[in-house]
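Visitor: Structure provided below as structure tokens; questions to follow.
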Amino acid sequence: MSAPDEHALNRGEEEGEMAEMEGDEEDEGVEMEEEGDAGKKVYVPGIEPLQPGEELEMDRSAYRMYHECQTGAPCLSFDVMKDGDGDGRQQFPVSMLLCAGTQAETALKNRLLVMRMHNLHGTEKENEEEESSDEESDEEEEEDKKPQLELAMMPHYGGINRVRVTQYGELPLAAVWSDNGQVEIFDLRPQLEAVHSSAAMATFVQQQKEATPLFSFSGHMSEGFAIDWSPKVPGRLVSGDCRKNIHVWEPREGGASWQIDQRPFSSHSQSVEDLQWSPTEATVFASCSVDQSIRIWDIRAPPNSMLSANEAHSSDINVISWNRSEPFLLSGGDDGLLKVWDLRQFKAGRPVASFKQHGGPITSVEWSPVDSSVFAASGADDVVSQWDLSVESCDVGARVEGVKDLPPQLLFLHQGQSEIKEIHWHPQLPGVMISTALSGFNVFKKSVSL
């Protein structure tokens, strides 16, 4: 494993456009390469600050794929929608479907978006030996490789705090926490049809009106951020608010309607920041809170939690992620720490691993959907980090000078966005990660050589 790489990215494109990362001739700065490349050095945040006049320049060899896009108002939450193109896709170009919600300047300017990104090529040129020197054919090839983006936007009154999607029978659904204090469920079929057909898009735009939810719940009495669909029971949902209350939603048979117990789960003493259903136990979920605790609940035994780790972090706990195949829970807090908890030893209240790499509060964490030892995190330091718990110190070869003190489990650092809020691995494209920030979206995959 070579040293982690981190890269400054160029400015975003205009609204609704995607761009493949290209070098900016106006940018001069420090290029991140291993020692031995003349005039180049590795930059790692937190190790050595940039000097006056220095800027970062992207090292394209660190990426197998990199694209960026903007959607107008920033989307501070999104989710990946599975498509019908199959799992484990490795060949380029790739495509993907995302659902996102905006946080615009005014309530009336917000949108619930479905995005179809396609024709996403890798950064490495394929079949180099077959490349023609003919200038015209090269231009045609570049035109053919331009990434494409279709956006279907529904007006939504109120800023969208968090979006999570699921498939419920034939219905592609989005659960939306908005700053008006409601949790709403939306049918995404019209938007999905629009991003796949120009005729459907024309009709969609012509008939566009404010998004009408299939179902909404205003019983939280305050806004919130925590929400998660059950991976085991289709249509089952859990939502938590800034007043410490958690509600479980049960789908009703025969239609898109939900029954919500008005009695909340209420062991937390402060705002519930994130929720995660167990990937194996249908009735169990986890929560984290501003009260610095992580709790495990069973919906068969309301209203109190079964297990808790009090003072799990020294400050607010912002995000958690439940490993899909191992009994591990990952947490990130305002203290900048990433902690891995073994649920078999949860009562002891001590993590089995703890990392301090980020220079600000952790804003998002997620285990890889295809590798149970790999996870990623983002922080208020504008960095996305990727980690592999299976790496031991003895597995690491010569490190680049100046970064020898980094944890051996740290695989990759990605930089260049401003105010990163949420990250997700793509479940059908191994190694592909999407991040959203105030400055827009990044879609990337690190090079296999790292």
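Just so it is clear, glycine is given a Cβ too, placed from its N, Cα and C backbone atoms.
Where the annotation comes from TrEMBL, it is an automatic prediction and has not been curated.
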Visitor: For the record in TrEMBL, which of the ranges 1-46, 323-368 is the region 'Disordered' one?
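Guide: Range annotated as region 'Disordered' by TrEMBL: 1-46.
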Visitor: Short question: which residues 6 or more past the ends of the repeat 'WD' (265-300) have a Cβ under 8 Å from it?
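Guide: Those are 224-233, 236, 238-248, 306-325, 329, 331, 333, 341, 343, 346, in sequence order.
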Visitor: Go ahead and report the DSSP secondary structure tallies for the repeat 'WD' (265-300): helix first, then strand, then coil.
Guide: 0 helix, 18 strand, 18 coil
Visitor: Count up the helix, strand and coil residues in the repeat 'WD' (355-390) according to DSSP, in that order.
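Guide: Output for the repeat 'WD' (355-390) reads 0 helix, 19 strand, 17 coil.
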